[in-house]
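First the structure, in the form of structure tokens, and then the observations on it.
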Number of protein chains: 4
Amino acid sequence: MAGNSFGKAFKITTFGESHGIAIGVIIDGCPAGLDIDLDFIQGELDKRRPGQSKITTQRKESDTVQILSGIFEGKSTGTPISLLIPNEDQRSKDYSHNQDVYRPSHADYTYDVKYGIRDHRGGGRSSARETAARVAAGAIAKLLLQNHGIGIFAHVTAVGQINAPNLSTDNLTELLALREDNIVRCADPAVANQMIDFIDLIRKDGDTVGGKISCLVKNCPAGLGEPVFDKLHADLGKAMLSINAVHGFEYGSGFAGSEMRGSAHNDVFIATEFGTKTQTNFSGGIQGGISNGMDITFSVAFKPVATIMHNQQTVNAAGESAEIKGKGRHDPCVVPRAVVIVEAMAALVLADQLLRNKSVKLS
Amino acid sequence: MAGNSFGKAFKITTFGESHGIAIGVIIDGCPAGLDIDLDFIQGELDKRRPGQSKITTQRKESDTVQILSGIFEGKSTGTPISLLIPNEDQRSKDYSHNQDVYRPSHADYTYDVKYGIRDHRGGGRSSARETAARVAAGAIAKLLLQNHGIGIFAHVTAVGQINAPNLSTDNLTELLALREDNIVRCADPAVANQMIDFIDLIRKDGDTVGGKISCLVKNCPAGLGEPVFDKLHADLGKAMLSINAVHGFEYGSGFAGSEMRGSAHNDVFIATEFGTKTQTNFSGGIQGGISNGMDITFSVAFKPVATIMHNQQTVNAAGESAEIKGKGRHDPCVVPRAVVIVEAMAALVLADQLLRNKSVKLS
Amino acid sequence: MAGNSFGKAFKITTFGESHGIAIGVIIDGCPAGLDIDLDFIQGELDKRRPGQSKITTQRKESDTVQILSGIFEGKSTGTPISLLIPNEDQRSKDYSHNQDVYRPSHADYTYDVKYGIRDHRGGGRSSARETAARVAAGAIAKLLLQNHGIGIFAHVTAVGQINAPNLSTDNLTELLALREDNIVRCADPAVANQMIDFIDLIRKDGDTVGGKISCLVKNCPAGLGEPVFDKLHADLGKAMLSINAVHGFEYGSGFAGSEMRGSAHNDVFIATEFGTKTQTNFSGGIQGGISNGMDITFSVAFKPVATIMHNQQTVNAAGESAEIKGKGRHDPCVVPRAVVIVEAMAALVLADQLLRNKSVKLS
Amino acid sequence: MAGNSFGKAFKITTFGESHGIAIGVIIDGCPAGLDIDLDFIQGELDKRRPGQSKITTQRKESDTVQILSGIFEGKSTGTPISLLIPNEDQRSKDYSHNQDVYRPSHADYTYDVKYGIRDHRGGGRSSARETAARVAAGAIAKLLLQNHGIGIFAHVTAVGQINAPNLSTDNLTELLALREDNIVRCADPAVANQMIDFIDLIRKDGDTVGGKISCLVKNCPAGLGEPVFDKLHADLGKAMLSINAVHGFEYGSGFAGSEMRGSAHNDVFIATEFGTKTQTNFSGGIQGGISNGMDITFSVAFKPVATIMHNQQTVNAAGESAEIKGKGRHDPCVVPRAVVIVEAMAALVLADQLLRNKSVKLS
């Protein structure tokens, strides 16, 4: 039983390998009547596109998206929306040396064990290229959420040990807009510069570094999330952990919250003119797996990219020791391009839960 | 669309409220021919049972499990296994004061918003009592995994700011056996004593504290996990995040790995007499979402229990300010009883992925 | 991957064997706020109960249903509803002779091949006893549909070669009420008497006979059904074919429609004061897999019950020729007790599609 | 919740409208290592292609299939297989007159009610053109089944009231090969000629006619099918009923079996040198929802095509009376082109159940 679908009501299925003809995605369950802005979808893809700045891979792909079905005269029709992104810069010969040698901390070995066959021209299905399909689908989920007034904003909060300070919630939306002013997509301009310099240094070393992304969901209505297994944060966690290179997820108070006392951690309810709110938000906008109307907050940890420009010892398909030489064009740090992927996956979860919630009350 | 099922091949559906007649679980997909040891299932439940030590809630429930179907002459038959755990100590009147007042950082408010109706006699469906059903189902998953030689071992690695030091992998299995020698279930006896004393102090304060649990899966074969969405660690993450009070999940190098360089983080492959292994294990036994045959490692962060013995400001169902008085019988720290829940959910994920993997190759 | 769940939004999972402790069902997805009338559920079960008349099996089971969860103060809470029906009249010793001998046209042989183990005390999971769980769940689906004004009415239209004449649609609801006036549940009293006499004759012969049931859904709103695979009639067909002994399903014009010309078969649209209707209804209320607001009509064919009171040649578990003697207490004809099962499965499909339809349009 | 996916282990999702850019299908779950013969897939599509003979629509579509992913060096890799079929002969202007007028017995009205928007250039998603995607996916399912020795053979058994006589099972495979010798695809040459003449007559009348297709599955191993809901015949029934224009399904003895007595209908088991078999096969190769190793047999009833060359009364989108004029290029009878669709859907069900069965026993 394969696992290339995500979501139950707003369901996507992605397909395609890094060095095949195309990648793409089918969305089954997008409500009829939604205005589909192709330029918006392309704009989202452009944020993930390789070659966009000096701190990303220099591989060239225009990542031009085509809509094959599900849209009529600019609106969704309720039928499956299929989005196709042709692969342009395949350069298969770059990868012929990888056929029988397992790249450390890549998925070459595990795919070979699992399937007994592997498209060795690149990462194949395990390549982060697959996430372009998610970004395209996530763009449509964002359009659906915008229609309900819900906004999703992520930015880079750490590159290696360089951390962005906590941003105040009040002006966060404004600050997050600033993230697009710098190539690392950190909303704090001063820290952003340090991050960029550090990634540049790492790149010149032929090395890579990990990082963190935090995400904020504004204006999510209370009531989304389906206990006891499809809790809103459980679905968000799975969505984030399914992104390449992600090693950790926390929401609300997260790991730090595990050190706190209940008397400090409890979010006291207060009556306001805008209805019931909480004084603090250690719950991260989710209680019992259901959104409570406060901002939803979560963070995602990315390991360093596995492809480095150094020679490394490894093992080949015959089980013998081998050496792998560093070559190719890869990202020194994945987080600047991953911001839009985090947002896309969050949008897919929220769109799914929004639609699922429509059937839980008799009304 | 509700969310009370988990798994696709080894699928469970739980039911029941904290103050109803019973809770329980249906397992659909347990292979036929498995020896079902009822004593083992009951033993697992006993580890989660309330009232087991001075640092857990003093509420009394024997949590005696009954098997209603799916077993014949001690073996699974391939038909749905139903497990029932009657609720004994309901004491509904203890909770009548909660009818219209929302307990801070509980799910009272969100359930009311979502469903418009709520069993106010207790946490209802949002109560951690529901996890007893998971432990019962997880016990059967463990029996299936044992049949394949796979073992799952969790223990408490933090209570508040008291952390257990890193344990060496070599003797970890032995150390983990030690966890059952102390009531906090930490494999380091010295740290365990500190934790117990601290929880006792917290309890006397009428307060609560969070903590962490780490888990190790030994002898998992390479090949489990279904890219690109049902990656092994993504399913583990969702499983853990669906447990009450969990606020974070990381695997392998986790959040710390996001600070590392690729040259230090990559797990170099080595040829050994036991086949292909990795020199380090920052990947936590999972690469590209698929197990690689090394130990699987992950950690889970629990927030402090929301019920405290202090008076707290809050809001009632009419949206007015109110006060809630601390009373009842609750856990000062959830992690000692949650160790077996973490193991149960891990077992459910691995059993599911084990069965799913049977159909991915031609022969 | 087992198959004991049905439905996606209104999802049921049944469990239990004919000679185990109990059978039951979990409903996940019943909307919160629905009035649950336990007497109504029991009344539906009473229509399926064995021993209800001289033309059914004389086996005694009160089929008393208990609700374990999901209901609070008479209303559904949106959490899983669990319904339990204890097995009373197990009489396992009656069946010991069946342990190693395969009953012709039963599922003994196929269960043994598939699972390698079988509860030989009776039909186990393949027994029609399992349908009691469906009737209980279907009763709750009926309550949901009644809340939306939708009514489901089935009756017996054939026993062997005795057919009820076509009933006129105008007074069908009234006629269908008559079905409960006779023990065979045929809305035509004269034909009902012939059917009863014939079944009695068959029973005295120690033989069995097949039959047909037709079903009518009144007041179904237009728009239910999810192309292209979960078409309303495709889901109805699967639901009916999953009932024990069903060998055929047709809707609207059915098999007879395959002999017609398009010019005669097309249902011309007409403008009426009640909106758009069709002049004829060969479409059976469903076009393109979606309800069109007309009456939904379908028919179901049941084979004769396999258990007969004659001696039969067969094969044992060792693959050797054997003889099986006719004994036990069984139905000479299944259709009188199956009317409520057909209605229950139809109700489950319609409730599921009703809830699924809530998310297909933008507002 | 949309319904454009079918299958659980061998899962397909189809997309595309009749007058859009392309239609296609994603297969998720095809095992790795299967030889994929593109010519075979194209050959299957050619059997469904319009314009193939004088008794089909004269619309021209080459239906040339492209594989975008999931295949490497001629073998499946275990990743999603995407198949694309561009639409060539769209001729949208032919359909502009249909924008606001509902064609009788088509899905125009129900799609408008359900979605509030509709691609009125043709049938859109409700067009039988969508079945080309199923045939392409079914071809790959057939390759998987061939690998296990399983063969699927359908042919036309009725056009209007012209029925093919019962064919003896012994030489049926040979006879079925004959079906490709005539354009109506009936294995009985004499009846085939009558059918062809009759369809030609109907076509000249500007009318249409229904028909029947029977299908035989040879060499299916015992054990496939997942009780109690995903019984093999229930899945086959749903698959067939999801095909455009299908109004009925029966297996084994079918509707005729409902007239029989149990003593005549029971399939007595016999011990043979090839193992346990049944003397007769009224069960149609399926008992208790599980294949028993005998031939699987079922029949499907198709209503007459709704598009006729006559003028018809109808209603427009404003709810007013209107007239629709007969024009366009359509099939006078759908069954000759539907034979390969029936086979494709049967192959998809069997491939799915074959893979699901791999996880039910401990082994």
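Heads up, the Cβ atoms here are built off N, Cα and C, so glycines get one too.
Note that the structure is a prediction, hence the values are computed from the model and not measured.
Taken from TrEMBL as is:
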| type | residues | note |
| --- | --- | --- |
| BINDING | C:R48, C:K54 | NADP(+) binding site |
| BINDING | C:R125, C:S126, C:S127, C:N244, C:A245, C:G288, C:K303, C:P304, C:V305, C:A306, C:T307, C:R329 | FMN binding site |
*Are any of the binding-site residues C:R48, C:K54, C:R125, C:S127, C:K303, C:T307 near chain B, where near means a Cβ under 8 Å from a Cβ there, and if so which?*
C:R125
*Specify the count of other C-beta atoms within 10 Å of the C-beta of C:R48 (NADP(+) binding site).*
25
*binding-site residues C:R48, C:A245, C:K303: which sit with Cβ under 8 Å of a chain D Cβ?*
C:K303
*Quick one, of the binding-site residues C:A245, C:V305, which Cβ has the fewest other Cβ within 10 Å?*
C:A245
*Taking the residues C:R125, C:S126, C:S127, C:N244, C:A245, C:G288, C:K303, C:P304, C:V305, C:A306, C:T307, C:R329, which the record names as binding FMN, find the longest CA to CA distance and state it in Å to the nearest whole number.*
44
*Between C:R125 (FMN binding site) and C:R48 (NADP(+) binding site), what C-alpha distance do you get in Å?*
17
*Around C:R125 (FMN binding site), how many other C-beta atoms are within 10 angstroms of its C-beta?*
29
*Would you kindly give the Cα-Cα distance separating C:V305 (FMN binding site) and C:K54 (NADP(+) binding site), rounded to the nearest Å?*
16
*Which has the fewest other Cβ atoms within 10 Å: C:K54, C:K303, the binding-site residues listed?*
C:K54
*Could you give the Cα-Cα distance between C:S127 (FMN binding site) and C:R48 (NADP(+) binding site), in whole Å?*
14
*Quick one: Cα separation, C:A245 (FMN binding site) versus C:R48 (NADP(+) binding site), in Å?*
15
*C:R48 (NADP(+) binding site) and C:V305 (FMN binding site), distance between Cα atoms, whole Å*: 16
*What is the interatomic distance between the Cα atoms of C:T307 (FMN binding site) and C:R48 (NADP(+) binding site), given in whole Å?*
18
*Rounded to an integer, what is the Cα-Cα distance in Å between C:R48 (NADP(+) binding site) and C:K303 (FMN binding site)?*
18
*Please report the DSSP secondary structure of C:V305 (FMN binding site), reduced to three states.*
coil
*Per DSSP, to which secondary structure element type does C:A245 (FMN binding site) belong, with helix, strand and coil as the options?*
coil
